[in-house]
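Peer 1: Quick one: this structure, given as structure tokens, is what I'll be asking you about.
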Amino acid sequence: MSFTVAIVGRPNVGKSTLFNRLVGKKLALVDDTPGVTRDRRPGDARLMGLTFTIIDTAGLEEADEESLQGRMRAQTEAAIDEADLSLFVVDAKNGLTPVDTALAEMLRRRGKPVVLVANKSEARGSDSGFYDAYTLGLGEPTPISAEHGQGMIDLRDAIVAAIGKDRAYAKEDVAVTDVDIPPSESEADGEDEEPVYDDTKPLRVAIVGRPNAGKSTLINRFLGEDRLLTGPEAGITRDSISVEWDWRGRTIKMFDTAGMRRKARVTEKLEKLSVADALRAIRFAETVVIVFDATIPFEKQDLQIVDLVLREGRAAVLAFNKWDMIEDRQAVLADLREKTDRLLPQARGIRAVPISGQTGWGLDKLMQSIIDTDRVWNKRISTARLNRWLETQQIQHPPPAVSGRRIKLKYMTQVKARPPAFMISCTRSDALPESYTRYLINGLRADFDMPSVPIRIHFRSAENPYESKKKRT
């Protein structure tokens, strides 16, 4: 993008609504409750021929530096410093407050271009608030309605005037990127060579877990900066915030998510929106890191989150955080491994890494586990290898007999990856017990080195081409 714009203002003036309008989708949570946005959220904006990076920010308030509101303010000030231009949003419907005046003074001291935006100008009685905005000394306010999309052309013109026409419409060099070409039919059948894992493609990783497990602290440690709001208060993160960084030459896009509590405890509308946002991040990700608090691991909600991730078909890695607070580490690690195998039988072999987001201990090992797990998630196995394996499995443990006739597994092929899914042609597929499916899945994990990912097997009854002729005679 050619330039960066920060949306700033006091709480509940419509900043996130404007952000969603400019990016063309509902990325930021919107609610009547003040202070919904806490972290700074970037997005790709398009406005009447302009393309730029837009940053949604927390509502600015006067607050002590160490308080939650003070730390939110620091995040917003960092966004202002990062941006080339600020959109200072005021509420034309409800008028100015002393906080607006203080923020205008702060923006003037920064010395960067500012566009004054009078939102909610469609409301009855908004004229008074619009004209009051002139008193802020930031030039002519631009009247808009972020909710209804009114005034967007005027906003575009104000941005161009503030940043300059050359900068606003500057052309960027377009990087040549790899195109993901689907395999041909012969490649999909796997008769030729199995495809090589591409470790240069960007990787999408969601960080999930219970509230206060240390998810945001972990991402900040990866980035080497206080990019995300953290603190002792549970439930600080509300939006799913994405950040990009480079790990050993590979682009990693990480999604910080709101803490996920048991459904019965989620009563507030805003928390329900936050959890729904976290679920969307899981579905968009390729690999999901489930962060456990190592001091109180394996709460019921931890297990439910792991089960949810696997049911969504994502690759999963466990991170036992706060390892710096553990004293007898060897004994605790052995106990965690035993509980992982016992309490998560559906995730046999899942990678589990002890880490400390506070000190950075174990993060390289965690990242390598993420890469290794993604490699398995993308794995394809040739049809020839699968059918040799299937024959061996039936010799070692034959399928059960039904009405005196043994079920025969005739043919196996991989129908997709991400996650790996297989189709087996057999007789009497409806009579094959679930226990035999588990036997095959466990065999695939062990023989083809496929831990940490869900494996799906679909059975199809083999058709007898002479069956219809027999019925006619």
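Cβ from N, Cα, C; glycine included.
Just lifted these from Swiss-Prot, have a look:
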| type | residues | note |
| --- | --- | --- |
| DOMAIN | 3-167 | domain 'EngA-type G 1' |
| BINDING | 9-16, 56-60, 119-122 | GTP 1 binding site |
| DOMAIN | 203-378 | domain 'EngA-type G 2' |
| BINDING | 209-216, 256-260, 321-324 | GTP 2 binding site |
| DOMAIN | 379-463 | domain 'KH-like' |
Peer 1: Considering only the binding-site residues Asn12, Lys15, Thr57, Leu60, Ser121, which residue has the minimal Cα-Cα separation from Trp323 (GTP 2 binding site)?
Peer 2: Thr57
Peer 1: Within its own chain, what residues at least 6 apart in sequence put their Cβ under 8 Å from the Cβ of Ser121 (GTP 1 binding site), listed in sequence order?
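Peer 2: In sequence order, Ala92, Lys93, Phe130, Pro143, Ile144, Ser145, Gln150, Gly151 meet the Cβ cut-off.
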Peer 1: Reported as an integer number of Å, what is the Cα distance between Lys15 (GTP 1 binding site) and Thr257 (GTP 2 binding site)?
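Peer 2: That separation, Cα to Cα, works out to 20 Å.
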Peer 1: Give me the DSSP three-state residue breakdown of the domain 'KH-like' (379-463), ordered helix, strand, coil.
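Peer 2: Going through the domain 'KH-like' (379-463) residue by residue, I get 31 helix, 24 strand, 30 coil.
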Peer 1: Which one is closest to Thr57 (GTP 1 binding site) in space, judged by CA to CA distance, out of the binding-site residues Asn212, Lys215, Thr257, Met260?
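Peer 2: It is Thr257, whose Cα lies nearest.
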Peer 1: Averaging the per-residue pLDDT over the domain 'EngA-type G 2' (203-378), what integer do you get?
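Peer 2: Mean per-residue confidence for the domain 'EngA-type G 2' (203-378): 84 out of 100.
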Peer 1: Relative to the Cα of Gly9 (GTP 1 binding site), which of the binding-site residues Gly209, Asn212, Lys215, Thr257, Met260 has the closest Cα?
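Peer 2: Given the candidates Gly209, Asn212, Lys215, Thr257, Met260, the nearest one is Thr257.
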Peer 1: Counting every protein chain present, what is the number of Cβ atoms, excluding its own, within 10 Å of the Cβ of Lys215 (GTP 2 binding site)?
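Peer 2: There are 30 such Cβ atoms around Lys215 (GTP 2 binding site).
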Peer 1: Give me the count of other Cβ atoms within 10 A of the Cβ belonging to Thr257 (GTP 2 binding site).
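Peer 2: A count of 28.
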Peer 1: For Met260 (GTP 2 binding site) and Leu60 (GTP 1 binding site), determine the Cα separation and express it in whole Å.
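Peer 2: Approximately 27 Å lies between the Cα of Met260 (GTP 2 binding site) and that of Leu60 (GTP 1 binding site).
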Peer 1: In whole Å, note down how far the CA of Asn12 (GTP 1 binding site) lies from the CA of Thr257 (GTP 2 binding site).
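Peer 2: That comes out at 22 Å between the alpha carbons.
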